[in-house]
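Report on the following structure.
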Amino acid sequence: MHGLLLAGLLALPMNVLAHPAEHHASNVLSRRGVDIDSFRLPLKAKYMDNEAAAEKIQALSFTKDDDYVSTATKLVKSTFPKSTFRVVDDHYIGTNGIGHVHFKQTAHGLDIDNSDFNVNIDRDGKVFSFGNSFFTGEIPKENPMVKRAFSDPVKALKGAVKALSLPVKSDNAKAKNVAGKETVEFMGTSGALSAPKAKLVYLQKDDGTLALTWRVETDVGENWLLSYVDANNSETVHNVVDYVASAEYKVFAWGLNDPTEGNPTSIRDPWTDASPYTWNSDGNTKYPTTRGNNAIAQDNPTGGSQYLNNYRPQSPNLIFSYPWSATATPPSSYKDFSITQLFYTTNRFHDLLYSFGFNEAAGNFQVNNGNKGGRGNDFAIVNAQDGSGTNNANFATPPDGQPGRMRMYNWTTARPNRDGCLEAGIVIHEYAHGLSNRLCGGPANSACLNALESGGMGEGWGDFYATAIRLKPRDTKNTNYSMGAWAANNPKGIRAYLYSTSLQTNPYMYTSVNSLREVHQIGTVWASMLYELMWALIEAHGNTYSANPVFRNGVPQDGRHLAMKLVMDGMALQPCNPNFVQARDAIIDADRALTNSANKCTIWKAFAKRGLGYGAKYDSRNRTGSNQLPPGC
């Protein structure tokens, strides 16, 4: 099958945008007078890197007959012999040969929802590294299921609606039991995009105790929330997780970052082996429009939740060639071009990430997984010119098996207004939220980047991939990049500092996080470190500037793609809701697994330059910086 796509920003350069660092995110909850950050989950995770894990497991007994799940289970049992837990059904073996197994702690048969254990098993069947946030306090003696010592879930729904000012009408709500212990779906409501749900779970609190809660799930479009409502006092909401990663971007793109960097060109059959059905088929149906196995792209001028019957360009011969002009106005006048561009960028990034290991088993976004593992029926729903907002974009990442949802907005920062779909960097940044949320904590758990610091890293990963993809052959380590300059109509972009290896141009250090209270600010610090890492690896291995990496024994042969691969592998190794130190250690472990630590000192030097060296320590209020290198470097 042949397809001809006319894409305005086709070589895929990348930038990610958000409002200036001094501005706080203005998501829908905050516009309703609710500070979502005040409900974030606390950081609880610990991470045992490869070196520490090797010492820890010497006393443990494993047999050659153990498969990687059994080995991981033995480790959890030996570490917490008095705890009960279950194996989460999302384990898989990554392309680097590391097996990833995830566990959820339980009490009285109920999940402790923020108590997770992840174990990474190497090619030889040995424990490679692990992390956990298991609860170590006293489990309540009484089983709440015996005396039914908890409130009606309808009260919990109403409590969440009231406390968070949700646009959900729940006066006539009724709870209907569905599969799972104390799991319900609410009938008779309106205002949410799908029927709200609730599940009875325990929650670790900051004071070291457990709270019995109803985990109320409400998808209201701009926010897709898990609200932990106290099961005995429905007016108390302990914590909130938001599946939607939102930013005040001012936009981005691949090879070409935005319309200032080139002109639209026609590209024939751009898919790779990552898309065996091509981009316009799911293996069962061939679509003469911007729909396929990986994504479905359409306009959404009303900002509504429906998408299947929305407008898409049609082309029976699969030639998607449409006019565009920088002076055209309004953006709806070139919606065919915009939808095609969004479809192209989303699919192109899907294929690149697949080559790094974000495949079916790892929880990627596809309808048809071709019997390769994971849960299917979850392509990315990507809306162009979405009318639910302006000067923004967001991506909702539910667990594997449910579609991701991207909303791309128009920008009123210039005349004529600009369309965020034409900056691939924004699209890439948003899709990267799907990547990090599916990998961190496992494909079945989308709540592992909701603490302030881990959420900040989620923003930073988006910036990193957007910037790495937009590099040009003329670039050197002295090249600086802004974020969202085109969409923001501001040459300085939307971050507090340019991404730069110069400490004069970008002075952010690890200890800078001590004074930052917003995820995009923290994300800029993390992305600044990853920018250092990328250039350090480019200096060591060169840069092909090719659109696709060249692998040898599974290792990208240039520094830019190697950095992207190691950063992604680190996401799958680190614990649920990691901090900077743990994420750094996971990247170092990723290099050990992939290259036998060939880049260990290069990686350490990059992080140490910005204060995340060997002696750096995490404390939520007083992080300690270090420029030290470990022995041997």
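Glycine residues also receive a Cβ, built from the backbone N, Cα and C atoms like all the rest.
The active site annotation in Swiss-Prot covers E430, and the record cites sequence analysis as its basis. DSSP assigns E430 (active site) to a helical segment in the three-state reduction.
Annotation comment: Swiss-Prot describes H429, H433 as Zn(2+) binding site.
Residues within less than 8 Å, Cβ to Cβ, of N232 (N-linked glycosylation site) and separated from it by at least 6 positions along the same chain comprise A149, F150, S151, L212. Residues annotated as N-linked glycosylation site in Swiss-Prot: N232 (among others).
Per Swiss-Prot, the feature N-linked glycosylation site maps to N410 (among others); the stated evidence is sequence analysis. The Cβ neighbour count for N410 (N-linked glycosylation site), using a 10 Å radius over every protein chain in view, is 25. When secondary structure is read from DSSP and collapsed to three states, N410 (N-linked glycosylation site) falls in the strand class.
Within the same chain, the residues at least 6 positions away from N480 (N-linked glycosylation site) whose Cβ sits under 8 Å from its Cβ are L498, Y499, S500, S502, T505, N506, listed in sequence order. Taken from Swiss-Prot, the feature N-linked glycosylation site applies to N480 (among others).
All chains included, 9 other C-beta atoms sit within 10 angstroms of the C-beta of N622 (N-linked glycosylation site). What Swiss-Prot lists as N-linked glycosylation site is N622 (among others).
Under the heading signal peptide, Swiss-Prot lists 1-18, citing sequence analysis as support.
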H429, H433 as binding-site residues, winner by CB count within 10 A: H429
C-alpha spacing of E430 (active site) relative to N410 (N-linked glycosylation site), in angstrom: 15
Cα-to-Cα gap, H429 (Zn(2+) binding site) vs N622 (N-linked glycosylation site), nearest whole Å: 29
Separation of alpha carbons, H433 (Zn(2+) binding site) and N622 (N-linked glycosylation site) (Å): 28
